[in-house]
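Peer 1: Let me begin by handing over the structure; questions about it come next.
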Amino acid sequence: MDFTQPKPATALCGVVSADGKIAYPPGVKEITDKITTDEMIKRLKMVVKTFMDMDQDSEDEKQQYLPLALHLASEFFLRNPNKDVRLLVACCLADIFRIYAPEAPYTSHDKLKDIFLFITRQLKGLEDTKSPQFNRYFYLLENLAWVKSYNICFELEDCNEIFIQLFRTLFSVINNSHNTKVQMHMLDLMSSIIMEGDGVTQELLDSILINLIPAHKNLNKQSFDLAKVLLKRTVQTIEACIANFFNQVLVLGRSSVSDLSEHVFDLIQELFAIDPQLLLSVMPQLEFKLKSNDGEERLAVVRLLAKLFGSKDSDLATQNRPLWQCFLGRFNDIHVPVRLESVKFASHCLMNHPDLAKDLTEYLKVRSHDPEEAIRHDVIVTIITAAKRDLALVNDQLLGFVRERTLDKRWRVRKEAMMGLAQLYKKYCLHGEAGKEAAEKVSWIKDKLLHIYYQNSIDDKLLVEKIFAQYLVPHNLETEERMKCLYYLYASLDPNAVKALNEMWKCQNMLRSHVRELLDLHKQPTSEANCSAMFGKLMTIAKNLPDPGKAQDFVKKFNQVLGDDEKLRSQLELLISPTCSCKQADVCVREIARKLANPKQPTNPFLEMVKFLLERIAPVHIDSEAISALVKLMNKSIEGTADDEEEGVSPDSAIRSGLELLKVLSFTHPTSFHSAETYESLLQCLRMEDDKVAEAAIQIFRNTGHKIETDLPQIRSTLIPILHQKAKRGTPHQAKQAVHCIHAIFSNKEVQLAQIFEPLSRSLNADVPEQLITPLVSLGHISMLAPDQFASPMKSVVANFIVKDLLMNDRSTGEKNGKLWSPDEEVSPEVLAKVYLLRLLVRWLLGMKNNQSKSANSTLRLLSAMLVSEGDLTEQKRISKSDMSRLRLAAGSAIMKLAQEPCYHEIITPEQFQLCALVINDECYQVRQIFAQKLHKALVKLLLPLEYMAIFALCAKDPVKERRAHARQCLLKNISIRREYIKQNPMATEKLLSLLPEYVVPYMIHLLAHDPDFTRSQDVDQLRDIKECLWFMLEVLMTKNENNSHAFMKKMAENIKLTRDAQSPDESKTNEKLYTVCDVALCVINSKSALCNADSPKDPVLPMKFFTQPEKDFCNDKSYISEETRVLLLTGKPKPTGVLGTVNKPLSATGRKPYVRSAGTETGSNINANSELSPSAGSRSREQSSEASETGVSENEENPVRIISVTPVKNIDTVKNKEINSDQSTQGNISSDRGKKRIVTAAGAENIQKPDEKVDESGPPAPSKPRRGRRPKSESQGNATKNDDLNKPVSKGRKRAAGSQESLEAGNAKAPKLQDGAKKAVPAERQIDLQR
């Protein structure tokens, strides 16, 4: 109801009736200050009842009781000390306002103000719902709300004071004991004031908003709810007032307008949650604030908006796209805390608003590479948290970011990424919580986590082991369940992950053996040798723990405890015992940890380190029971009753991988296999048609069957005939394993092997080469394992059959398809037999380990002849190019294998070593690749002499970037291993000449001095080649100047100049080339290091096999390279590179315009020395690079001559597709003969055919092609090319990688069809024949 101003007709203190008295209701006596309070209350109750019963239509009564109404508003009543009196008076006044509406009986504004303030104060009584008077307070509230009595105050100038007091009172008294009616009346009362007034003042708004502040909200939840509903109800009216408030504070910066200014962001959050309409005009102001120059202010706004955008029911991002985009921009804020807050928000957003994931993805991608570790860490937490809630919330791209961070440079980030992925795998793959589709989405995780085991960091390796034990194959599962998990995991891993898992078991087993050896040392009496051995063992163990520096101290302490505590030692012995079960291991670990725990030390780093050690060596997965369970699973797969298909694995794959798994475990846990049941199952596998399965089964018998002969005679009797059959007619791999198995597990092995050797040696038939492979393998391994028994019989086989009948005869004609390499299955049986024959020769010699019969010399001459003849030993031209590549690889590998035996290394001549080295520059990519891998594998195990590491220097000439990168990584690995070995082994100092990496320098210098490409010691281009090869090795050696190594290497080069070449000591040209290479090496060392001028701490020793003893009076201070040449070598100008400088890339057919790419990826083989300082180690698939181009001609084919004009390349960047002027092709003395063959006269190489000639119809006559060798090109190449050859380096002995598939990418030069006139105009055009 609305009130109007009353007529000013009555007095304030009472209008009397006709008789001059105040009229009271019947039965009510006069109410004055003369009566007692109780009496007054009694009379007021009757008055209240009277006014309560009156309505607005009672005009007579209204007039009658008007004096009473005025009397009740007197100061006596308004200030009465008794609260009951005040309550009754307030109820009366509320009814009076109701009865006399719309005209109030009070005319004075001051009196009205006093009355309403009085009524407001009485409303505080609502607080106590248990009060006897609560109903009257409720009546008062109800009356005021229904009548809207407070609206009369709008006419008062200071009505705001009344409203503020009212609002504060109501918000303060509301509590959880009030029912909804109380709340509704309060809302009605307040909302009428807001909605029907002229506006809401800031103070009044503050009285509402203060209840939304978290501190107040937590104190009185009901006042917050009341304010929330009030704001919702009055949103249309109050929104403008709220907008004005935020405008004053946010935009104008007038924080003094309100005490709540410092809480604006909290208020915005609460208001948004209540009703986004309340902030309709505020949001643009936030966009302005997001661009503030104050980082802390931006941070506050970002925190706020993160809550607004991320809240579950918010549609702010779709409703306000500009603000959303502006907010996303803060992901790239310069202020770190802002970026951090943005990333943290993403998690809630992904969970509550999956539709926004697309918008967030790109920003999270950038932040996943943030320079701040904490931000990268939180990106992972964000994505993983959302993924754990529901995998559908994150897309593959987001999971990809986590995948990337598993290789982060910071351990904390890597750990979070790895653990996060592990948790996802366990949740969705192991437990299958979201079905097969989700499991498929994260199936890659298992492979990725295991790949991390390849990282060098011990922390990464330990975490992978922990993840495997807790998430991939949880060790706390029951044995059957655990083995099922492992069985199908192993079957579904990719090859690299399988290798990593195998390596993990191998490392754990190695550490177990170290601990076992340590315990054995404890059993021996104390001595200096014992202490030294124990110290070395402790250092080895410490390297297998995190933070090896600290680990050393802890391991020493643990060793002391072991020495003092025999019971602890016995627990540890039980833990590493081959017979320890998984349950026993768990008990042992807990018992040892309990003994070492210190209750007074909550954080015990010593105990943590010991736990790391125990977790690595404890057999928590595999024991006899586990192996039995695995075998049963495999049997089910064989019988077809397993859940293979359900697990996503085919039965054949499950069987094969199951056997492979058992094979790996047979190395690490051989004792666990010893049971009849297990061996019966393996015998069943031996009878299967799958060759791989049978091979793995034999390997398992070989590794685990040492007690079969004594304990399981039935298994023995069944096994022997099967092994004999496999050795005679199985696959080559089966034959090898069968022979080794017989040798390993049977006591009468001599008899058994003789029963295989004799029939096989008699039945060899060169006319049926496909039936020769397995016999050759068996015979080779038999002669290696039992040389005393079979070395002599083998010699006659070698002389009468192997060399005479097989090697020196070509019975079949190879397919002339022009390819330099073909898949294994396409290799002809005859060539395959020859490859295995060479291996047999090597095994025979390795078994004898002596050269008393001079068989090794003959074999080395044979292998050298094979290399000189490029694989075509008979030189009848009947063998294909790809088969020749196979034989070259086999011959080079054979020499390298023999060099691993000291007695044969001594008789390998420098010429033979150089021939072997040139295989790494073979024209066939696969030959180079496989040879380099074999070389690295032998070097890294310290099996090959140090001189063989010098071969990697030749890889600088490899035209394929991946091969150079691989070679560099091999060098880094080999050098680090040798240095580490010297540090860890005190006795190694006596063998420094064969171990110290720097001692490779003289071998490298000698090898490069005899490089067939190096024919003229003053040719700048050839010297640049030499410099590149030198720097390829020296760059890795000079990374650190350990022990003044730079000066040491310089001293070696200087000392070589005081000697002569032992290979040709009297040839001045040979010695000049040697000294020239020394000068180039000195030039490189001096230019790259300022530390090489210091004196070397010791005089280096030069290998006598390659250098003569320095003569006393000989002084060689001559400089063999001019100052101009020196400058040219050091300027870094790249040598002009041939277009066909790389391997196995498509080339155009003769006369056709080649397919031209938009940009090249790399120049050819002559890359500047500084261009490969840090190459990528990745290797590209050769299948891709061997595909033919659109012209239909591919690498590894015999191609006709290509006449291609080439310009010198100025840098190693990509070469643009430009037509290159033919007259530029002569500017750079291009090494066009990189692909040509050369001659080397090796001992035993006879009947070398004369070079054949080919002339291509599309160009000038090609120079005749000399055979492979170490000498310069033959002078029989014709006068047409002699002058040109003066400016070209001669190619390497093995067809140097030249015409190849990657050459077009390297050069991208077009080859226009030459006309007759062009031939005359350009006499220096280059001819390249891929066959050479």
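Glycine too: its Cβ is placed from the backbone N, Cα and C atoms.
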Peer 1: Can you tell which of Ser131, Ser1064, Ser1174 Swiss-Prot marks as phosphoserine?
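Peer 2: Of the listed residues, Swiss-Prot records phosphoserine for Ser1174.
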Peer 1: If you check Swiss-Prot for N6-acetyllysine, which of Lys550, Lys1210, Lys1313 comes up?
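Peer 2: The candidate carrying the N6-acetyllysine note in Swiss-Prot is Lys1210.
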Peer 1: Swiss-Prot tags one of Lys7, Lys1145 as N6-acetyllysine; which one?
Peer 2: Lys1145
Peer 1: Tally of helix, strand and coil residues over the repeat 'HEAT' (392-428) according to DSSP?
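Peer 2: For that range the per-state counts are 30 helix, 0 strand, 7 coil.
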Peer 1: Can you work out which residues elsewhere in the same chain, 6+ from the ends of the repeat 'HEAT' (392-428), have a Cβ less than 8 Å from its Cβ atoms?
Peer 2: 350-351, 354, 357-358, 361, 364-365, 368, 373, 376-377, 379-381, 383-384, 386, 434, 438-439, 441-442, 444-446, 448-449, 452, 455, 457, 459-460, 463-464, 467, 470-472, 474
